[in-house]
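Asks: What Swiss-Prot shows for this protein is this:
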type: DISULFID; residues: Cys89-Cys179; note: disulfide bond
type: DISULFID; residues: Cys103-Cys116; note: disulfide bond
type: DISULFID; residues: Cys108-Cys134; note: disulfide bond
type: DISULFID; residues: Cys119-Cys129; note: disulfide bond
type: DISULFID; residues: Cys353-Cys394; note: disulfide bond
type: DOMAIN; residues: 61-432; note: domain 'Peptidase A1'
type: CARBOHYD; residues: Asn131; note: N-linked glycosylation site
type: SIGNAL; residues: 1-33; note: signal peptide
type: SITE; residues: His439; note: site 'Required for inhibitory activity against GH11 glucanase'
Amino acid sequence: MAKNMAPILHILVISLSYSFLFVTSSSQNSQSLYHNSQPTSSSKPNLLVLPIQQDASTKLHWGNILKRTPLMQVPVLLDLNGKHLWVTCSQHYSSSTYQAPFCHSTQCSRANTHQCFTCTDSTTSRPGCHNNTCGLISSNPVTQESGLGELAQDVLALHSTHGSKLGSLVKIPQFLFSCAPTFLTQKGLPNNVQGALGLGHAPISLPNQLFSHFGLKRQFTMCLSSYPTSNGAILFGDINDPNNNNYIHNSLDVLHDMVYTPLTISKQGEYFIQVSAIRVNKHMVIPTKNPSMFPSSSSSSYHESSEIGGAMITTTNPYTVLRHSIFEVFTQVFANNVPKQAQVKAVGPFGLCYDTKKISGGVPSVDLIMDKSDVVWRISGENLMVQAQDGVSCLGFVDGGVHTRAGIALGTHQLEENLVVFDLARSRVGFNTNSLKSHGKSCSNLFDLNNP
């Protein structure tokens, strides 16, 4: 009996040994795969990063977002005051995770749309073309053209941070956006872009979806590069958190130089700050309480949104736009502080230009005085002047006419090489009192934007 049992026990021991080895090996492989895999939406990042570039032709800024399944880069215009992400889907949109929510669904309510959409472009269903879905209006922020498209949801991914380095990808599996009409990309935008990325204060803007999904502090930071060949970035999350500010090189110097002013948000979700006066070389351009410059809320001359806070921050104007009455006084005061013999014929769209050689000694800086007299945004050097032609430098401000969205609309040329913090949690905007370049820094060397 014992002899008959011996072979059986031997076989059993061998089987158990192989089973143990298999389980151990499988466990190790599983741990290895998990360690090397990209974090998904279940991971909770501290800070998210989107690299941004300047377009050489339009001087506007754009970035590549990662969307769809499998993930692919989609170039989109940066629209600070836009309500949502919109892209064109009529051609080359391929994704196994694309969905079009039904009309009157929860997603429609979240996007604040109660309009149903019926596609008439095709008899075959495709991304952007389904029936009985939600309709969502998208706008080209440069031309102001609008069109009705389909509310959609799909995967979106952004890079997290890992210490001072760019980290791995995290995903939102059901990110809401709009499949917009193709004609919206045909005018005014950089040639390569397929849509616009809205960062405004709206239910399904990129920041709000990121804050909600990942539990980030309601804050994002913008740093736009002044060169098409180098990157800037948008950071989503709290840059003042000790776990995060390691990502910003020389963060103590940069963050220490920041000042804050109250943030006002219009009914359209646009970002405004109060500019009480403009100063040129110690000469005040606009008195603090001048109703002709900044209409009061009782004035009916302008739209309500143009009367909130005085100055709107934008990324869809390459240069700062001033209401005509402000522009006239401002350029007159500026011209009085520059030798008259240096002035030359203006080059459009600018109203005041100079012979570059004759102002080589410099021009006066421009101070935007905020709600308090000691909170000042100084615009000087490359942020102030534009090389319009060979040998011709122009003041980088444009006459917007009588009826403008805001008395002042800060453009990208004045925002470049400056760290601008939109602290929505505390209703304030932070900025460097001087350009990063005055500290020998730039947006391109402030962050590590190389893929991990």
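Heads up, the Cβ atoms here are built off N, Cα and C, so glycines get one too.
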Asks: Out of Cys89, Cys108, Cys116, Cys119, which of these disulfide-bonded residues is nearest Cys353 (disulfide bond) by C-alpha distance?
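Replies: For Cys353 (disulfide bond), the spatially nearest of the disulfide-bonded residues is Cys89.
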Asks: Would you pick out, from the disulfide-bonded residues Cys89, Cys129, Cys353, the residue whose Cβ has the largest number of other Cβ atoms within 10 Å?
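Replies: The largest 10 Å Cβ neighbour count belongs to Cys89.
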Asks: Which one of these disulfide-bonded residues, Cys116, Cys134, has the sparsest Cβ neighbourhood, judged by other Cβ atoms within 10 angstroms?
Replies: Cys116
Asks: Tell me, what is the mean pLDDT of the domain 'Peptidase A1' (61-432)?
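Replies: On average, pLDDT over the domain 'Peptidase A1' (61-432) sits at 91.
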Asks: When you measure from the Cβ of Cys119 (disulfide bond), how many other Cβ atoms are you left with inside 10 Å?
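Replies: There are 19 of them.
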Asks: I'd like to confirm something. Which of the disulfide-bonded residues, Cys103, Cys116, Cys129, Cys134, has a Cα closest to the Cα of Cys179 (disulfide bond)?
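Replies: Nearest listed residue in space: Cys129.
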Asks: Are there any residues at least 6 positions away along the chain from Cys108 (disulfide bond) with a Cβ closer than 8 Å to its Cβ? List them or say none.
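Replies: Expected: Pro101, Phe102, His114, Cys134, Leu151.
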Asks: Same chain only, sequence gap of 6 or more: which residues have a CB within under 8 Å of the CB of His439 (site 'Required for inhibitory activity against GH11 glucanase')?
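Replies: His439 (site 'Required for inhibitory activity against GH11 glucanase') has long-range Cβ partners Asp253, Val254, Asp257.
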Asks: Could you say whether, by DSSP, Cys394 (disulfide bond) belongs to a helix, a strand or a coil region?
Replies: strand
Asks: Show which residues of the chain containing Cys394 (disulfide bond), separated from it by at least 6 in sequence, have their CB under 8 Å from its CB.
Replies: Ala346, Val347, Phe350, Leu352, Cys353, Tyr354, Met385, Val386, Ala388
Asks: Validating a neighbour-count step here. Other CB atoms within 10 A of the CB of Cys179 (disulfide bond): how many?
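Replies: Counting Cβ neighbours of Cys179 (disulfide bond) within 10 Å gives 28.
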Asks: Can you check which residues sit near Asn131 (N-linked glycosylation site), meaning Cβ under 8 Å from its Cβ, same chain, 6 or more apart in sequence, and list them in order?
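Replies: Phe117, Thr118, Cys119, Ser125 - these are the non-local Cβ neighbours of Asn131 (N-linked glycosylation site), listed in sequence order.
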Asks: What are the sequence-distant neighbours of Cys103 (disulfide bond), meaning same chain, six or more residues apart, C-beta distance under 8 angstroms?
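Replies: Looking at Cβ-Cβ distances below 8 Å from Cys103 (disulfide bond), excluding near sequence neighbours, one finds Cys116, Phe117, Asn132, Thr133, Cys134.
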